[in-house]
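Asks: Quick one: this structure, given as structure tokens, is what I'll be asking you about.
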């Protein structure tokens with residue numbers, strides 16, 4: 001459902017720096033928007049920052065450390081399909097029973113050197129390099145297992161560690177990866193609560209553009225009517241979150257074609273986008289990101305501060 005768009009939401013394209021009294025912690029926003037980023041690089045960014053946080057927590061022998069920064073990473077990825085922990089290879093509709101090699105490489109249990117599972121071949125070591133340098137060194141150093149299966153449209157397919165089913169990321173889609181320590185205030189040590197909060201961020205963002213959206217009692221994500229506009233799938237380690245949410249701004253919806261995938265494992269539902277709903281009034285991915293950041297601070301009750309952009 002659409003309602004008139006306020007001028008306020010159109011102007012909200014930069015990060016809000018308002019203070020919120022509910023938390024002494026802040027969330028630092030790091031963005032690579034303005035260009036598309038290979039999915040593997042966004043995945044490595046999460047793992048580099050996660051490992052640094054885990055090292056700080058281990059060294060302090062505590063659930064909270066002064067160096068344990070919360071992050072919100074923003075990406076617009078190159079085209080890719082990912083299978084979460086709950087995804088079946090059957091959700092890749094182009095594969096048949098004769099595609100034995102691809103089915104094996106994508107299976108939940110297969111761990112061979114050619115598995116289409118995005119993973120580290122060895123543990124990330126502590127480094128004096130800055131984050132950008134370490135990410136690039138890991139990608140070039142051969143410790144990332146990057147052996148995808150390819151869809152008929154040439155998009156790579158990876159099995160990854162997030163929850164959820166199969167989904168698509170690509171140009172025209174805003175992807176956010178919150179990295180929050182849920183063991184500290186104002187958060188709750190509850191992944192179901194966290195999922196609902198992420199959905200609320202998107203619901204409030206869409207409302208700023210005159211779009212009324214809703215949750216589903218059974219399936220995660222955000223819906224406009226019966227069509228999905230945002231997918232949510234998360235993971236956590238020591239209650240530090242990774243992965244997150246993808247909001248369809250103006251992607252090519254042909255990549256969700258049900259002859260290729262069953263989006264989120266749901267046969268009877270379709271996907272939509274802001275462009276489908278708003279036409280030529282649709283904002284850019286970067287403009288939507290500004291509204292998302294403000295909504296994120298409002299929903300979680302935290303400061304949002306702007307960090308350095310990520311070299312991608």
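Quick reminder: no glycine exception, Cβ is built from N, Cα and C everywhere.
Heads up, here are the entries from TrEMBL:
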ACT_SITE  264  active site, acyl-thioester intermediate
BINDING   162, 163, 164, 165, 166, 167, 168, 169, 231, 232, 233, 244, 245, 246  substrate binding site
DOMAIN    66-304  domain 'BPL/LPL catalytic'
SITE      228  site 'Lowers pKa of active site Cys'
Asks: Grab the pLDDT values for the domain 'BPL/LPL catalytic' (66-304) and give me their mean, rounded.
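Replies: It averages 92.
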Asks: Consider each pair of residues in 162, 163, 164, 165, 166, 167, 168, 169, 231, 232, 233, 244, 245, 246, all listed by the record as binding substrate, and report the largest Cα separation in Å as a whole number.
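Replies: Binding-site diameter by Cα atoms for substrate: 15 Å.
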Asks: Among all chains shown, work out which of the recorded positions 162, 228 has the most CB atoms within 10 A of its CB.
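Replies: The largest 10 Å Cβ neighbour count belongs to 228.
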Asks: On a simple 10 Å Cβ count over all chains shown, which one of the binding-site residues 164, 233 is most densely packed?
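Replies: Sorting the candidates by Cβ neighbours within 10 Å, the top entry is 233.
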Asks: Here the binding-site residues are 166, 231, 245; which one has the lowest number of other Cβ atoms no more than 10 Å from its Cβ?
Replies: 245
Asks: Rounded to a whole angstrom, what is the C-alpha distance between residue 245 (substrate binding site) and residue 228 (site 'Lowers pKa of active site Cys')?
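Replies: For residue 245 (substrate binding site) versus residue 228 (site 'Lowers pKa of active site Cys'), the Cα atoms are 12 Å apart.
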Asks: Using all protein chains in view, find how many other C-beta atoms are within 10 Å of the C-beta of residue 168 (substrate binding site).
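Replies: There are 28 such Cβ atoms around residue 168 (substrate binding site).
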Asks: Give me the CA-CA distance between residue 166 (substrate binding site) and residue 228 (site 'Lowers pKa of active site Cys'), in Å, as a whole number.
Replies: 13
Asks: C-alpha of residue 228 (site 'Lowers pKa of active site Cys') to C-alpha of residue 168 (substrate binding site): distance in Å?
Replies: 12
